[in-house]
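Asks: Before I ask anything, here is the structure I am working with.
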């Protein structure tokens, strides 16, 4: 005979909706068996009770046997051997229906007893176990709901101990009852064959005994057929007994292994957290908002399917999509009156789900699993192995390597000393400069020369809007400059990038920033990425702030996608280095030189690290293009200034020349006047001289006359 369908006893403790759905199929099959057995028992009872109606009752029995193939049995509808066997029995019973007269004694022992025992003992046992299971399941749900409503603020150890003890007792009772119920349903698949075949076999043996093998219808062929059927029944019985022994041993082993799992909050030292999972399922409480401040919690079965988070209510055939958890962010959250809560935010930040786990272990495993799925590790061939390697790498990243060269010698290209180099990173960013002793000795630098130990890491963006509002209460005479903790330079409101040639917008998620000691090599950015990712993995910080990165010819801007408010502004001339990670192109970072931010007034270097949707190289190319455009614009501006200076110089020369010409014109007119004045004065002097000479002559004449006279 074909294999027997069985309920998985190993999955009774998880009590998933799939198991409940399969249990419903078995219960439906048991109901069908019960209905069919009652009809068959009624037919055989008619054979036993009414000898006058024996022929009609035998005909009804034959009819029911023929209908077995057309009846709907969810677990046995494709049993062709059973169908053909019953069909053969129906034929034999039809041939013998006119020959049965007095079979009361034989039929009572060989026919009525097995079917009556199956009906009164086996089927009633199924019904009793079903009622006990339903009661234990309801008690378990009540205990779980009471445990979930434990107050976090007013925690009472006595009440908590009582509630946990109730959960332990209810869960253990449900588990044990469910395992025995599953065993009974599995055994029913064997018993239904026996209950159907054994009465028929007894009936036929009674007929053979009654007629002393003298009936013409009973030939040697039918005896061989009945012998084979009897052998099959015995084989099914032995297989059932062996399977029951195996299931009983399985129940015993599962009870011993599952005893620590009955407690809702197991000890993490005994049952450690598995952080390498890429698939997980179990019951969680989800919060549903019913108003502005009110909310309700609903317990549902959640499971991951690829990159999706699914939920399924008890009794549902299939689950429904909750949200896409690719590139999502997950973190533990603090709810008002619930423990072990965590929050999942979609990649675009538009959807948020708050869930409550049953224990701290379950909460941390859900967070780790969703974080692994968000990194798309599940798409690889060995996801759990890769997740373990990634988590182990994150833990190993806590202890720095003894030298910078040992960790990056496979990633660093061979440098040519004493030459002016122009190196282009894998992301397209340019790093130019002459080879100096400092750059030649880069391979022997320690990590402390790049990133100072115990350097604080900023994991979130502090929007400067709140600081601007906070400064509105100052007096009008106070014009102090606001200081940004990220090293953002001051931005005048009159400055605007609307006239910029380049406008490239990218979706990024901020991972963190920290101060670095050097900005001579892209290895500084690699080391910063390693330390930030390691710190996030250690402290379970998976939440990331999503922003829009706008690349223009004069600055880089982080813009809030909801309010379109500029969170941070980085002047392009201060961005001295940018690159993507060599292995993970989603990681993008740049070094910003902040002038006058150190304790001694010297400039400091701050490295910012972001995660993008596989657009890291494009962002580096955009920054490089913006640098080139800004450089050419600056050169054009300088040429324009030089041209303006030359034009001004020419204008000045022309003005000087015009002034000189005017001066010359004015000089020539003065000379003529002076000459005319000089002529006039000369004539006057000449007239005066003549007049003076005449006076002298007159005086002389007068004197002469006087003397002569």
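Every residue gets a Cβ built from N, Cα and C, even glycine.
Automatic prediction, not curation, is the source of TrEMBL annotations.
Model, not experiment: these values are computed from the prediction.
Sequence annotations record features per position, and here TrEMBL assigns compositional bias 'Polar residues' to 413-434. Among the features that TrEMBL reports, domain 'PH' is placed at 277-375. Taken from TrEMBL, the feature domain 'PID' applies to 506-657. Annotation comment: TrEMBL describes 401-437, 470-495, 640-661 as region 'Disordered'.
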Asks: Excluding the flanking five residues on each side, which residues at least 6 beyond the ends of the region 'Disordered' (640-661) place their CB within less than 8 Å of a CB in that stretch?
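Replies: Sequence-distant neighbours of the region 'Disordered' (640-661): none found.
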Asks: Counting by DSSP, what is the helix, strand and coil composition of the domain 'PH' (277-375)?
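Replies: Reading the DSSP string over the domain 'PH' (277-375) gives 15 helix, 45 strand, 39 coil.
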Asks: When DSSP states are grouped into helix, strand and coil, how many residues of the region 'Disordered' (640-661) land in each?
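Replies: Each residue of the region 'Disordered' (640-661) counted once, the result is 22 helix, 0 strand, 0 coil.
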Asks: Check the domain 'PID' (506-657) for me and report the mean pLDDT.
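Replies: Value for the domain 'PID' (506-657), mean pLDDT as a whole number: 84.
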